[in-house]
Amino acid sequence: SYLMNHFDLPTCDSCRDADDKHKLITKTEAKQEYLLKDCDLEKREPALRFIVKKNPRHSQWGDMKLYLKLQVVKRALEVWGSQDALEDAKEVRQENR
């Protein structure tokens with residue numbers, strides 16, 4: 001299946017929920033929405049798997065790295081400890097702007 005081949009997630013193609021659980025998000029979105037750093041995505045073991053696609057909006061820009069949202073959310077909980085801690089950190093960042 002697509003998810004097994006690219007993200008090592010045992011889910012058949014007909015069971016895939018591309019709109020929510022198995023949605024793909026960009027690296028930028030993962031960093032902004034879940035307050036993750038490059039090292040959280042790429043260096044922290046196990047490094048998150050991703051696919052590379054051409055940027056559909058700006059063909060001159062670099063390729064996009066797309067991560068599986070399910071795995072990004074799980075990593076964010078590892079980094080921040082809980083959903084509440086993540087929300088608190090977002091609020092602090094918003095106040096500091």
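Cβ atoms here come from the backbone N, Cα and C positions, even for glycine.
Annotated by Swiss-Prot as zinc finger, the relevant range among 1-15, 31-45, 76-90 is 1-15. With respect to their backbone Cα atoms, Ser82 (phosphoserine) and Lys31 (SUMO2 cross-link) stand 16 Å from each other.
In the three-state DSSP classification, Cys15 (Zn(2+) binding site) falls within a helix.
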